[in-house]
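Trainee: Would you mind keeping the following structure in view while I ask a few things?
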Amino acid sequence: MDVFVQQLINGLTLGSIYGLIAIGYTMVFGIIGMVNFAHGDVFMVSTFIALISFLVLTALGISSVALAFLAVLVITMALTALWGFSVERIAYRPLRGSFRLAPLISAIGVSIFLSNFVQVAQGARNKALPSMLDGGLTLFERDGYAVTLSYKQILIMAVTSVLLLGFWYLVQRTPFGRAQRACEQDRKMAALLGIDVDRTISLTFVLGAVLAAVAGLLYLLYYGVVSFSDGFVPGVKAFTAAVLGGIGSLPGAVIGGLIIGLIETFWSAYFSIEYKDVAAFSILAIVLIFMPSGLLGRAEVEKV
Amino acid sequence: MSASLLSLRNVSAYYGSVAALRGVDLDVNEGEIVTLIGANGAGKSTLMMTVFGAPRARSGSISFAGEDITARPTHEIARLGLAQSPEGRRVFPRMSVQENLQMGAALHGGRYFAQDLDKVCTLFPRLKERLSQRAGTMSGGEQQMLAIGRALMSRPRLLMLDEPSLGLAPLVVKQIFSAISALNREEGMTIFLVEQNAYHALKLAHRGSVLVNGRITLSGPARALLDDPSIKAAYLEGGHAPAAAVGEGV
C-alpha cells in the first residue's frame, strides 16, 4: 500500500510532464494533420534554455527561488515559443500544399538538426542544475517506509493543473480558441469566414511550444540533469500518450500522458525498470487493437 | 443604386491543367438578386470559390466594391464584406450552432453578435431551438439554414449562396427561398445565387446567367430567361414543374 501510494504520486508527476508535451503533438496534428516529430526536440531545447536562464540569474545574484523560478518560466516560454514559431515558418509552411509526407520528412530533419545543434553548442555531456527546492511533505510513515510528496512534485502538479485549466479556457471559450477549432474542422471554410489560417496555425505551434517549455522547465527541476538527447525518449513517450488518448483530442493527450506516466512508474516499482518502456508501448498496442482511434479519439464517421 | 458591386472580367480558372472557367464576365449590382444556373460540373461552385481566390483566377480580373481582389488572400476578401454559404454547407460539425454563428461574426470580433443573432433566429426560427446542438447532428435543411445564417452574421455587403436547395425536401426549399427573397426585399441585401434548381432561382432573381462548361452562354433579365425556349428545354423540362425539375440535360 505504501509503495503503491508513493508510485502513484511519482507516476502522476511524470505523467503531468508527458501530458504537457503531448498537447503540442495533438494540437498540431489536429490542425494540419501532421505529426510534428521535432516537438520532442523543441522540448529538449527548452530544458537548455531553462538551465541557462537559471545559471545566468544565479550569476546575477538572484537568490530567491520563487523569483528565479518565475523569471525562468517566462524566459523559457518566450524563447521556446520563438523556436516553435520559427520551426513552423521555416520547415513546414513552405511545404504546405505539397505531398503529405514532405512536412513529415522535414520534421525529422528539424529534429536531427535541433539535437545536433544543442550537442555542438552545449556539448555532449549531461548538464546538471544545482539542486533546489529540496524537501517535501511526509504523508505517512509505516515500518520505516515514508510516503513523501516532494515540493517539486507539488509544484509540477500545481503548475500543470493551472496551465491545463487556463488552456482549456483558451480553446473552449475565447475567439482565438474557436478560430483554432474551426481551422481544425475545415480550414477552407474558416478562411471564407475571414480567419487568417496561416496565423492560426502559427499560433498553434507557438502554444504547443509554450506548453513544452513549461514541461521542459519542470523536467529540469525534477531530474536536475539534461542532455541533448533528451528530446527523443520523452518526445516519443508524449507522442505515444497523444496516440493513446486519441490524437487530436486535448483531454485525451492529458489522460494519455498520465496513463503512460503511471504505467512506467508502476512497472519500474513492481516488475523491472529495464522493461518500463516496453510496458508503456505494449499498453499502447493493446489499446489501439481494441480502440483504434485511442481512448477519447473520435471515430472517423460523421453525418454529412 | 445600380453600381456594380462584384464584377468578373474575362476570368479563367483551372484545376491543374483542366480549365474550369473560361473567360467569364459577370456583374452583380447593389441591391439585386443575380442567379447563375447550370448543370452539374458546369463550373458554378468553382466560380463562387474563384471569387474568394481558391482556386485563384489564372487570368482576368475580379473586383469588389471597386477594389481589385483578384490576388488577395481568401480571408482578406471575406473581410471586405463578401460572405458565402458554400457548396455542401460546410458547417463546423463539432461545434454548436451558436459557435458556428459566432464564427460567422468573428471578423467583427463579436461586436454585433447579440443583435445579429436575433435577426438570424427570426429569419430561421429552427436555429433558435437548436443553438446548443452540435451542428453535425442536424438535418440537411437545418444545416443549410445554419450555413446561410453564419454567412449573414458577418454583415456582408454581398451574400453568395451555392445551391441552397441541394438535397432538401421541397417544403424546406420553399422556406429557404422565401427567406432569401425576404432578405433582399426587406433589407436590400445583394445576393448572388448559384442554383441547379433553375425554375425557383429564376423566379426569385432579377437577372440570371447560364453557365455551360465554364462559359457564360446566356445572360439577361430573369423573366426573359424563364421564357427562353432553349432554357426551357435544357433546364426546365416538363415546363414549370416545381422543385423536382432540375435539369441535367446539358
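Placement of Cβ uses the backbone N, Cα and C atoms for every residue, glycine included.
OK, TrEMBL features for this one:
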TRANSMEM  A:12-35  transmembrane segment
TRANSMEM  A:42-62  transmembrane segment
TRANSMEM  A:68-87  transmembrane segment
TRANSMEM  A:99-121  transmembrane segment
TRANSMEM  A:154-171  transmembrane segment
TRANSMEM  A:201-222  transmembrane segment
TRANSMEM  A:242-266  transmembrane segment
TRANSMEM  A:278-297  transmembrane segment
Trainee: Please identify the stretch among A:68-87, A:99-121, A:278-297 with the greatest number of Cβ pairs below 8 Å relative to the transmembrane segment (A:201-222).
Mentor: A:68-87
Trainee: Thinking of Cβ pairs under 8 Å, which stretch from A:12-35, A:42-62, A:68-87, A:99-121 has the most of them with the transmembrane segment (A:242-266)?
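Mentor: The listed stretch sharing the most Cβ pairs with the transmembrane segment (A:242-266) is A:12-35.
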Trainee: Among A:12-35, A:99-121, A:278-297, which stretch has the highest count of C-beta pairs below 8 Å with the transmembrane segment (A:42-62)?
Mentor: A:99-121
